[in-house]
Every structure is written in structure tokens, then in C-alpha cells.
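Per TrEMBL, the features are as follows:
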- 183-234: repeat 'RCC1' (REPEAT)
- 235-324: repeat 'RCC1' (REPEAT)
- 325-378: repeat 'RCC1' (REPEAT)
Amino acid sequence: MAGERTGAWFGFGFCGFGQALGSGRGHQVLSPEPLRAPGAGLDICRVSASWSYTAFVTGGGQVELSGSARGAAGGCKDAWASEAFLVVLRPGPGSGPGAELQAWAPGSALRGEPLWAQTVVPEAERKDGPGGGETQAGPLPLLPCVRAYVSPRPPFYRPLAPTLRARRLELGAEHALLLDAAGQVFSWGGGRHGQLGHGTLEAEPEPRLLEALQGLPMTEVAAGGWHSVCVSETGDIYIWGWNESGQLALPTRSLAEDGETVTGEATGLNEDGSEVKRVARGENGAPAPFIAVQPFPALLDLPMGLDAIKASCGSRHTAVVTRTGELYTWGWGKYGQLGHKDTTSLDRPCRVDYFVDKQLQVRTVSCGPWNTYVYAVEKEKS
């Protein structure tokens with residue numbers, strides 16, 4: 001990942017269970033600090049964070065746990081952390097091409113026997129569809145080379161329709177987002193916060209295409225607790241769902257200025273379907289729109305028209321990496337997960353200046369529910 005330049009992982013936000021997150025002093029880290037993962041060093045290639053612990057996967061196939069769950073294991077291709085269990089993908093028994101999917105109790109320290117295990121056999125190479133005989137690949141919870149994914153709730157192993165050639169899959173608290181080989185986005189699951197993007201608050205039992213994004217190929221999807229983000233091939237950001245803490249970068253009542261007199265309130269829907277509470281200001285009576293729910297994808301502009309290449313979502317915060325290697329964050333900031341040296345929540349994208357000041361270019365970001373992990377490299381010398 002680092003190429004020819006020196007790179008390192010950084011962390012900030014909630015570490016109340018002792019998660020490796022910078023210095024880890026107290027229960028929070030307010031600004032990015034070099035990650036101190038046990039035994040992993042600079043070889044980390046994947047970070048998967050649950051609420052109370054984090055799993056680090058190294059380039060050598062080692063999984064290291066930090067936080068409420070601790071332990072280590074070798075011979076792992078990938079790992080995915082949830083509060084219900086830890087999932088690891090290991091080479092299958094024998095010399096065949098298959099892999100073994102294992103689910104462990106987080107507190108087991110990866111010792112003894114897994115809660116359940118399943119052999120994952122790659123499907124036969126297909127000659128139809130995008131890429132000809134190209135097989136599927138993607139990080140957990142999407143399973144490589146098979147049309148299935150793993151869920152933290154029963155049934156744990158869930159098949160996908162044969163017509164879906166999945167490239168990436170992200171799970172929120174109650175919903176799922178899938179990016180297919182053609183760059184189309186599908187969503188399903190709970191929709192009461194508008195997180196599915198279909199213009200309603202209804203649930204969807206099966207993957208449903210986001211019609212609002214048809215014809216706009218996407219390269220990234222990210223699912224937060226109850227909000228969703230995707231990034232297009234041209235670097236545009238589309239965002240929808242719950243805006244309680246400003247995680248959609250839209251005006252929200254909870255972050256309105258203190259001391260403002262409220263004289264009246266009405267709730268309705270905008271023409272684009274967003275739910276708005278209009279609150280009259282005491283000083284002049286002019287209505288101020290506060291968006292609680294955005295059930296359709298909304299185009300979000302970063303400052304100075306910057307293009308995005310990566311996105312990740314926490315429970316109620318959002319992080320985006322730009323093409324120039326800058327990190328922007330917004331939403332809930334109670335534990336410093338926005339990286340701005342404070343616990344302020346924001347309803348607008350704000351650059352994390354730490355990486356600019358340190359002459360670092362951000363390459364990727366991975367949000368836990370209440371914290372954020374970032375990989376950055378030294379800028380090229382001019």
C-alpha cells in the first residue's frame with residue numbers, strides 16, 4: 001500500500017476499552033496520532049473496528065485484536081469485527097482454492113474452537129458478464145469468489161442473487177449497501193431513517209437498485225449507523241439517511257446555535273423528499289430549514305470543489321479522502337472522532353489539518369462506530 005514512500009496508520013476518537021488508537025490516554029484521542037497496534041507495526045493492511053474492539057490484519061496474514069477483545073492468530077486473509085462475533089477468512093484445508101470462514105466470540109482471544117465455520121468454495125469461472133471469466137473479489141463482509149456475504153445476525157451466511165456481481169458490500173446498523181461490477185448501487189434492510197435512498201422510510205427485504213443514481217457509475221459505498229455515502233467515478237459525493245448529528249453535512253437542529261428563540265415549528269417534505277423542520281427565529285421570524293432525514297441521495301460539494309476518492313462512515317460521522325490526499329470529516333464529534341482537536345460536532349465538511357501540517361497524504365480511511373483510522377504517506381519531495 002505504501003509504495004516507495006514511507007507510510008503509517010493513525011487513529012483518533014473513542015478508545016474507552018483500550019483500543020490501540022494513538023496514545024490511548026483516557027477514553028478519547030482528539031487529534032490524529034500514530035497508531036500503536038500490538039505487534040502489527042507498519043505492516044497493517046486492513047482495519048476493521050467494532051464499538052469496543054478493533055481487528056488489525058497485517059500483510060503477513062496476522063490478525064491482532066485490541067480493546068475489549070484481545071488476542072492474535074496467523075494464517076488469516078481477512079477479518080471483520082462486530083460486537084456479536086469476529087469473522088476471519090483463512091486458507092481452506094488441503095491444497096484446493098477454497099477458504100474457510102470462521103466466526104469467533106470476540107472474547108475468545110481466537111483460541112479453542114470457533115462458534116461456527118464454513119468452507120467457501122469459489123464458484124466456477126463465468127464467461128458471461130463484465131470482465132468475462134473474472135471472479136468476484138472484495139473485503140469482508142463480502143465473501144470473495146462467491147455470491148454471498150456474512151451478517152452479524154442469523155442467518156450468518158447469506159447468499160446474494162445470481163444476477164448481482166458484487167464488488168463491495170457495506171453493513172450499517174440496520175441496512176446494507178452493495179456496489180456491483182457496473183458501478184450500480186443497491187440497498188436493502190431497515191429504512192426508517194431514509195438510509196436506503198429510495199425516497200421512503202420503508203424497509204426493503206431484498207436488494208433494490210437506487211434509481212436516483214442510475215447512469216452515474218460509483219466506485220465507493222459506505223454505510224454508517226443510519227446513513228449512507230457513495231463516491232462516483234468523477235469524484236462526486238452522494239449522501240442520504242439520518243442527519244441527527246450533521247453526518248450528511250446538512251443543517252441540523254441539534255447543532256443549531258444556542259440561545260435562538262423558537263416561536264413556531266412545522267414538519268414537511270421538500271421537493272426532493274427530504275424531511276424538513278422549519279423553525280421560526282425570534283429576531284426576524286424568518287424560517288430556518290433543519291433537515292432531519294434525507295431519503296434521496298443528495299449531491300455534496302467539498303470545499304474548493306475537491307474530488308473524493310474514498311469514503312467511510314461511523315455511527316454518526318463521515319470521513320472522505322480527496323484526490324489530493326486530504327481528509328475531510330463531519331458529523332458527531334463527542335469523542336474526537338473528527339480529528340479536529342476538540343469534541344465539537346459539525347454539519348459541514350472540515351479538513352483535518354494534522355495531515356497537511358505534517359506533510360502527509362491520506363490514502364485511505366476506515367471508521368469505527370465512534371473512532372477513525374487513517375493510512376497516510378509522506379508527500380513527494382518537490
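Note that Cβ sites are derived from N, Cα and C of the backbone, with glycine treated the same way.
Bear in mind that TrEMBL entries carry predicted annotations, made automatically and left uncurated.
Residue counts for the repeat 'RCC1' (183-234) under DSSP, helix first, then strand, then coil, are 3 helix, 23 strand, 26 coil. Secondary structure of the repeat 'RCC1' (325-378) per DSSP (helix as H, G, I; strand as E, B; remaining residues coil): 5 helix, 27 strand, 22 coil. Summarised as a single figure, the pLDDT of the repeat 'RCC1' (325-378) averages 96.
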